[in-house]
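Here is the structure we will look at.
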């Protein structure tokens, strides 16, 4: 007889352990072991959460190189079946070889589950001896578990399920995450002290009333926003370092529908508009995707959402200052161009309409589509098409954590017919679907890769652009770290981008460099990019006047007709405001089981070279974090959203 030493590790998650009987079969190139009950003196404690237990499996002769294990668990008599979340199994053979089998998935039934040996190079060996255990069989089963569905025609496809509990257990929230998320979602209004206002359909009587509500929950940045929201320099700063740094671009030629001339604008110093454009000092934000959207009806009132054009000037002091705002796309007598030289409330009202437009553009295009929906496409495609032991799977799967469930919840509670966004945002409902379709048609591969995107928008040399500075460094660290670790991606092209050839999304790879860039894009989108456009939502949107979720009066058609009273009448009603505040509060909260970028509690890689590369990767991220912290000490409004310490590994909220 020969003996195999089997060591089983159970994850340390709450409820991860099992008291069921666990059985194992070892499958090798030269035979199989008997199905063996893993029993020890510890009894049921062998598989409690956080435990590591060793057992002996005996065979008459060696079964060769181990390629796979079969695991099942059976409830004890009179006991119910429970769930178990094993981390990994390690097997030491009589020849002295050690084999690793990563699991990291819930086992909730008494069926047989098969897991292949995790050393990456073994997947390329001839696998004719695997038979029913082949890679094709694994992917066939995954294809049945992870199926595509169409939520709305014209937007990226999603995973088919009837609800969060219908998802495969391994992609569901942990007990901790579930508890915290449901608590925050159900008590958000209470936490913010807003419960008594959620039914009020009244206008805000004055700014002080908004302030009294806002005071219930504040952050350092939200305090700064409240103090500076009216200032032009801060208005311009948010296009670079707020939650939507994705729209601004350098302007070398004015759009034909934005007839601004030198005699209209004030530029510091003896400069003409044409000269400043040649120098690269003029910038444009164009919300043309919002043009003509059908807007919402809230509290029985029609809402208003403009499609503004905003012109900005980089001053000699390196501030980005707005110099002209046109609130509708088509020039007309009743569509005046507003300037800083106009009356206080004319100019402030124009900026408020821009900030409300930015909220809707940001939430649906920049946040929902570019991070959440695309991250789901990446996750489903990976889970359907790449074997668990493939290096690409090991590399990318940590960046899919919780994404399928958070998106499932978003479809149920945010953008469904009864969702908060549908009920209370200006673009909720039919307008939301139109905007998502328009947004997808403008997505390109280059727009998803921050070095290309920054270059295409002409923003390489804009000062005080911390999203760019930190984002490019994070991209470079991810890219250089994964060049040596690196399939089929036609699913992504078909289901994520609806087979639109003009997007530039690759359908296949011909070089390692192409694969590395694509993997970098996926990792950056799911980690850094999502953090940049998500984490600061309450910071910049908690003070409603800075980021109104909706507006309920049309913009002025002539100058000189605005006042503080008209501004208050334009702001969303009290209940709309507090629902918006509660939602951005929820979406900005970090779970206690948050995993920062570069940390991998699940040990998918055990090979020496990848493990060393991960250590180097973590070291580079620590250096970047230190650099960002030093920089932020000199900033009035620190930019923290791409600090690796606060960047989550995946789209998990």
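From the backbone N, Cα and C atoms, a Cβ is placed for every residue, glycine too.
According to TrEMBL, the protein has these features:
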- 17, 82: Ca(2+) binding site (BINDING)
- 367, 372, 530, 653: Fe cation binding site (BINDING)
- 2-121: domain 'PLAT' (DOMAIN)
- 120-653: domain 'Lipoxygenase' (DOMAIN)
- 106: site 'Essential for stabilizing binding to COTL1' (SITE)
Cα-to-Cα gap, residue 653 (Fe cation binding site) vs residue 82 (Ca(2+) binding site), nearest whole Å: 28
Pull the DSSP breakdown for the domain 'PLAT' (2-121) and write it out as helix, strand, coil residue counts. 7 helix, 56 strand, 57 coil
Restricting to the chain of residue 367 (Fe cation binding site) and a gap of 6 or more, list residues whose Cβ falls under 8 Å of its Cβ, or answer none. 243, 533, 534
List the other residues in this chain whose Cβ sits within 8 Å of the Cβ centroid of the Fe cation site residues 367, 372, 530, 653, in sequence order. 368, 371, 375, 406, 533, 534, 587, 651
If you count the other CB atoms within 10 A of the CB of residue 106 (site 'Essential for stabilizing binding to COTL1'), including all protein chains displayed, you should get 19
Give the distance between the Cα atoms of residue 530 (Fe cation binding site) and residue 82 (Ca(2+) binding site), rounded to the nearest whole Å. 35
Whole-number Å value for how far residue 82 (Ca(2+) binding site) lies from residue 372 (Fe cation binding site) (Cα to Cα): 32
Between residue 106 (site 'Essential for stabilizing binding to COTL1') and residue 82 (Ca(2+) binding site): CA-CA distance (Å): 10
Calculate the distance in Å between the alpha carbons (Cα) of residue 17 (Ca(2+) binding site) and residue 106 (site 'Essential for stabilizing binding to COTL1'), and round it to a whole number. 10
